[in-house]
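Okay, so TrEMBL annotates it like this:
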type: DOMAIN; residues: 416-488; note: domain 'PAS'
type: DOMAIN; residues: 491-542; note: domain 'PAC'
type: DOMAIN; residues: 553-768; note: domain 'Histidine kinase'
type: TRANSMEM; residues: 28-48; note: transmembrane segment
type: TRANSMEM; residues: 54-77; note: transmembrane segment
type: TRANSMEM; residues: 89-111; note: transmembrane segment
type: TRANSMEM; residues: 123-140; note: transmembrane segment
type: TRANSMEM; residues: 161-182; note: transmembrane segment
type: TRANSMEM; residues: 194-214; note: transmembrane segment
type: TRANSMEM; residues: 221-241; note: transmembrane segment
């Protein structure tokens, strides 16, 4: 079908046919009609009866304006019809043929006035019918494809047919086959008046129809055509009201008919031929619709293909041919120039790879029932969603989209769901979603299994879940659920589940609420089977209680035995013993003292880990002074404390802070030989905006090699090389300092030479008072 371009402009609502403002000539051509109407009114009201008979002039004017001009219109209308196939133009041509024959013959039947009047009146009546048909088809018809053979055949029937009808009409009038339209001595009959009145009505109706179309498109053709109808109609109207022929009123009417013929000629000449298509409003509207369809067809995101199915002698689909495709077809398929080609040519082996495709297309092409399906198209290694329908037997149309990415996403989603389900099964964690407003609850497969059910065994619901909660835990569990929903608190909810087989398990529920405008919308959560964890926790609690009991018993009994042994050894030593004997007694006493200290440190670590000590404000200067007094009385041991001019240093600690520095000084004393020189320095430093109290404990002992500096604070350090620190002393120091949010480390007293002694540094956050 030919699609012609028409002038369009965009509005806020849609595209409409562009209307041009009325031009001056469009107004001027109304002037003859207004003058004619005024003349009719004047001459009719004046009652002038004077006649002006000019037979030769009348015949000449009829032949020139009503005959020759009309025949020219007939010719031009025929050409337009052959180009367009528009029945509106065909009926216009037939009407002008009847009009031409009427005036050419009626004006020459002067010997039989009744026959002349009959031919004239019935001819113009037939002309009016043709114009009514023309206006009807202009309003109602949809222009067809330009099929020359069809239009030629119809034109070959219409024009000769009209000529035959007029010939029969003239012959009938001559032989008196029709009732009289004129009687000598009496004038025109009532039948003549009725026929003329009906004729005028036909022209007026046709004028109104064409005028309606003109308001939509304002094309020159419709304007001249409509006004021509109005002029001829007014002219016919004067024949009804004239008193006698050849009066001034009659000549005004004849002039209107002559001028109407000229208007018709101008109308036909003004037909705008665009590629052989007549520019009339409905045709413009059709082309606008076709243009929109074409735009949609070419710019739609989905692929579109119109195909013809091919069948074998048995009616089985064997191939199909692409008749038309849109731009998206090439983009989605990745192929061009497929129109006119068979599918088996474009995709070799397609019939063997996808026989179901031919079955579906063939079924739709034969039955007309639309179908929709998805297919993994192997020749292109892509997935397509296809809708197929048929508007004509043997043909089908497909609208499709490439859904490969969607399929990949779906596959990834399925894999993710499978992995999630597998992970939930391994971890024994189920999940749920509760649509609070719609009261819809969904459970994962693992949640079913946790509840002792098979996946899908029952319909999930809130009441169903509540029925599984252990009766003793139900009220507390429901209260926590409502707290989560109402207060949006995300906190674990632990309770017991009573399965249908009577077994009891422990679960932990964690939930999160999704809100919409402040109202709870959905509740998402996980359900973890913690039965095994609970069992292990209970066993650990029992084991810890037993260990603490054994530790307390052992510590108490061992300490008592140590005290007894120490008492006896000290008693023996204090007796008058020789120097060598006294030295032998000092060794076991020292071992027992260290063993007692170890037990004491273990108890302190246990209490520290259990949170038995609460931090408070402690004066670090007083602690260091106490440590100096405690160890300063020892012979051959010099302990110097330097407070750097400040009497008080406040830190956040507890009563175990004394043990930190007592351990450091005690270690220094042990590993400095006979003459120990130990120095304790206290000052204030700032790091990253935080003020710290810094304590440095230096000695002149054997020092600590670099490879042991990072390990000296670890518990139960073992090795063949004797280094400072053993047992839990320095491990206790590190644990205590870190519990105060501080740090401790060891350096060489003389940088680069560890043999000159060790330097322990402790940083504790300072408190402002």
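Backbone N, Cα and C define each Cβ position, glycine as well.
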If you count Cβ pairs under 8 Å, which stretch among 28-48, 54-77, 161-182 touches the transmembrane segment (123-140) the most?
161-182
If we skip the immediate neighbours and take only residues 6+ beyond the ends of the transmembrane segment (54-77), which ones have a Cβ under 8 Å from one of its Cβ atoms?
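Long-range Cβ neighbours of the transmembrane segment (54-77): 89-90, 92-93, 96-97, 99-100, 102-104, 107-108, 110, 159, 254, 257-259, 261-262, 264-265, 268-269, 271.
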Please list, for the domain 'PAS' (416-488), how many residues fall into helix, strand and coil according to DSSP.
39 helix, 12 strand, 22 coil
Should anything in the same chain at least six residues away from the transmembrane segment (194-214) have a Cβ under 8 Å from its Cβ atoms, list it; otherwise answer none.
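Those are 121-122, 124-125, 127-129, 131-132, 134-136, 138-139, 181, 222-223, 225-226, 229-230, 232-233, 236-237, 239-240, 280-282, in sequence order.
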Averaged over the domain 'Histidine kinase' (553-768), what pLDDT does the prediction give?
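Mean per-residue confidence for the domain 'Histidine kinase' (553-768): 79 out of 100.
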With Cβ-Cβ distances below 8 Å as the criterion, list the same-chain residues six or more beyond the ends of the transmembrane segment (28-48) that contact it, or say none.
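Cβ under 8 Å, 6 or more out: 223-224, 227, 230-231, 234, 237-238, 241, 247-249, 252-253, 255-256, 259, 263.
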Over the span of the domain 'PAC' (491-542), count residues by DSSP class, listing helix, strand and coil in order.
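Result for the domain 'PAC' (491-542), in helix, strand, coil order: 12 helix, 30 strand, 10 coil.
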